[in-house]
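Undergrad: The annotation signal peptide is assigned in TrEMBL to 1-38. Residues annotated as region 'Disordered' in TrEMBL: 83-113, 125-145, 170-213, 373-421. Look at TrEMBL and you will find 126-140 tagged as compositional bias 'Acidic residues'. Among the features that TrEMBL reports, compositional bias 'Basic and acidic residues' is placed at 176-188, 391-407. Per TrEMBL, domain 'FAS1' is recorded for 501-634, 638-777, 781-925.
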C-alpha cells in the first residue's frame, strides 16, 4: 500500500508476503532481460526466429506485473538498499497524506497514484499539468525507477487509453472464413490488455476437417485466448474463441482517430488542423499540383467522399513538364505550363504509337493516356522511336499542335481534340477514391490499389537501418497529412498512369535500346515470364552495353550455346525493387537465389550501381513490376563456362592440371555436374604432387575425373552418408556431415566429401556447381583389413583382428546392409608401451573372446572424419559410440589442434578405405581391463 511520508519514516523495514512476491517478479524480470541482452546473435540463426519471438512475448507477459508493482516497491527497495531520494524533513502529515486506502497494511491490491511513474502510466482523464501537480517538491516524480538504469523505460506508455484514440472491431467466423465489422467507435477507448504473442496478419486459420482438439467434444471444445501487439501508432488485440466447435476471431484495433497523431509525452493522440486537400497540398509545398486540381475542376469531386491523394512536389512537377517538352515522348502534353508562368499555353498533342485508348467523357473515370513519361529521373523512361508516317497518314497543322491523322474511327479522332484534353487524367491517377490509406500501419508490401483514373498504384515498404522507406510506384513518400477529405501524401515524382497492358514484356518489345535483350529472351523462351502478374523487377543491359562485352561470349548467348536462361534469371528478382529504397545499399535475391547488391555511391553524387555496374534509366514502372537499365553487362558465374569460373576464382593450378590432361573441353561440355576442386594450398602438398605428377596422362585424367560427380548438388542438398557417382569409372564419392553442437543435430558445422572439408561452396558455373575442398581426393581401392595388412607399423593390431571374429567385418565391402565404419588402429609402439604386458598381449592374440573385446573397443559403427571433430568446451561435449555396447568416447580437439578420441591422439587422420575410415592412434583406447 502507499503510505504517507510520516508512515514511511517510522514503519519497520519488514516486508510483507505480497511485497516479497512483487520483488521476486521484478528480480526474475531483470534476470531474463539480462540473459536476452547477453545472448549470442548467432543462436538466433541456429534456433530460428520463433524461439526469440516467444522469448520476447514472455517479457511482455511480465510487463504488466512490473508496471503494477513498481510503485509499491519504491519505498521497500529504498529502505533495503539505503538508496533513494534526498532525506525528507520531519513535517506533519497533511490531510492528503492521511488518506490511507481501506484495508490497512494488508490491502496491497489497492489502486496506486499513476503520477509516481508517469513515464509509462498516464491518467486517462487528467491533463499533463494535473499529472505534474501530483508530485511534491521533495519527491522525485520518477521515484527509484529513475535510479535503476532504464529498467522499465523500455516499455512504452499505454497511450491507446488516452483521448482521440479510435477503436475498430472486426469479427471473423473462421469456420466459413467470413469477416464482418462489429463495431467502430471513435474517441477514447477503455479496454484491458492481454499480451502473449504478436500477430501481424489476421487471415483465417484453417479448421480441422476431422476429429481433433478443436472439434466439438475435443480437448479445446471451449476456450478463449487473447494476444496483443503494439507499434508506435497502433495497438491491436486478437481474441480467438471456440464454443462447441464454432471458431471465431475478434480483432480489436486502437489507432489515432483521423486528424490526430501521436506526440511524445502526450497521452493518447493530439488533434491537428484539418484542411481541404487542395489547401493541404499547397501547405506541403505542392502548390503546382493544387493548381492542377483546381484547373481540372476536381475540387468538389474530392469533397464528396474520403480518399487518399498523392501530391508531387513542385520540383517534381517542373521536372515532369520539362521532360515532356524536351524529349517529346508522350502522346500529348497537357497544358500545364500556365501553372508555372503568367501566360497560359495551349495543349500540344504528339503522335505516339504506344497509345491505344482515348479519354472518356468527364462523367466517367477518365481513360488513361498510355504515356511513356518519366516515372523517376528525367532519363528513366522507355524511349520510343518516332514512327515513320505511313502512306495512309498525313500530318495536319492546326495552328496549335501537330496531329497525325490516320484511318481511325471518327469517335477516336474526336477524342484527340485538344479541347477534350484536361488535367483530370493525370490528377485522378494520383487519387484513390473511398480508401483512407494509412501507409505506415495498414499498407502491405507490394499492395496494389486502383486510382480514380483506373490505373494501378503499387505501394511498397522497404526496411532499412535508417528507418522504413515507403514508395508508391517507386516514388518516395516524403510527408503525410490528414485532411477534411481524407489523407494526403507528398511524393518526390509525378505518378504517370500505368495501364494494365504496359507489362515488362510490352516495355521490352517497344524499347529500341533493348533489342539484344529482347532477342535473348526469345532464345531462352522466357518472354511469358515478363507477362506474369508479378511483382517482378528486371535489370536489363542496353544494346550499347552488349557491344562492349566479349564478342565471342555474346555470340554464344545469342545462339543459345551458353547458359542463356541462367544469364537472364540473374537479372530478374521476384520483388519490387525501387532505387529509393537504396539509401546506402540493398540486397535482393534473384530468380536463382543468388543475391544482387544495389548501392548508392555517396561519394559520387548518389550514383546507383548493381554489383558495381552503373544503372542508367531506372524506376520505369510496368503494370507487373519495375524496369532498370544497365550501362554494362553483368555475366554471373552461373552463365560462364567452367574454365572461366576456375580462372576468376584463382584456381589456376587446377586449371593447369585440367589443361595438361586435355579435359577442359570435356568439362565445359558437361552438364549437371558437381566439381570438388582442391584449394591452391592443398595442391602444394607432397601427397598432391605425388598423385598428380608424372607422364601418365590417363592416370592423371582418372584422378581429376574422380573430383567430378555426375549430379549437380549445392551444399544444402548434400546429405550424410550420400554416395555420389564420379566420372571415374566404378568409383563413388561419399559425403559425411557433422555437427559440433550435440543437441542441434540439424546444425551442420562441417560438410565433407571423402573426409575432405568443403571450405568454399556453391560457386556456380554453366551447368555445374563448384565446391572447394581442403585436399586432393583419391579413390580408395583397399578395405580396412587391407590397410592393416599392408602397414608394417600395425602388425600387432592385425594379429589381434585376425584372432578375433572381426576379420570378415573389416574385409567386406560397404553396402546398404553393411554401412561404413571407423577403425581406430593403435600403432605397434602404442601397444608395446601400453599397460598391456607382453604376456597379456600374447594371450589376447590367442584368445578369441579377449581379441573380440579389444577390437570392439576400437571400432566406431559410424564414419568419423577428423574434420568433423570440433573444439570441446564445458558447455558442449561430443561423444561417439563403439561396438562395445554402452561404451562411448569423448572426441575433441585440444589446444594444439590435435584430434583426440578418448585419451588417444590421432596421429594419421582419414585413411580412406572402400568400406570405412581408418585413423592411426598413439594409444590403446581404454585398455585398463587388460592390465595384469
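The first residue you see is number 1, and the count goes up from there.
Cβ coordinates are placed from backbone N, Cα and C, and glycine is handled just like the others.
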Undergrad: Write out how many residues of the domain 'FAS1' (501-634) are helix, how many strand and how many coil, based on DSSP.
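TA: Across the domain 'FAS1' (501-634), the residues distribute as 50 helix, 36 strand, 48 coil.
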Undergrad: Determine the mean pLDDT over the domain 'FAS1' (638-777), rounding to the nearest whole number.
TA: 89
Undergrad: Count the residues of the domain 'FAS1' (638-777) that DSSP assigns to helix (H, G, I), to strand (E, B) and to coil, and report the three numbers in that order.
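TA: Here the numbers are 47 helix, 39 strand, 54 coil.
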Undergrad: With helix taken as DSSP H, G or I, strand as E or B and everything else coil, how many residues of the domain 'FAS1' (781-925) land in each class?
TA: 50 helix, 38 strand, 57 coil
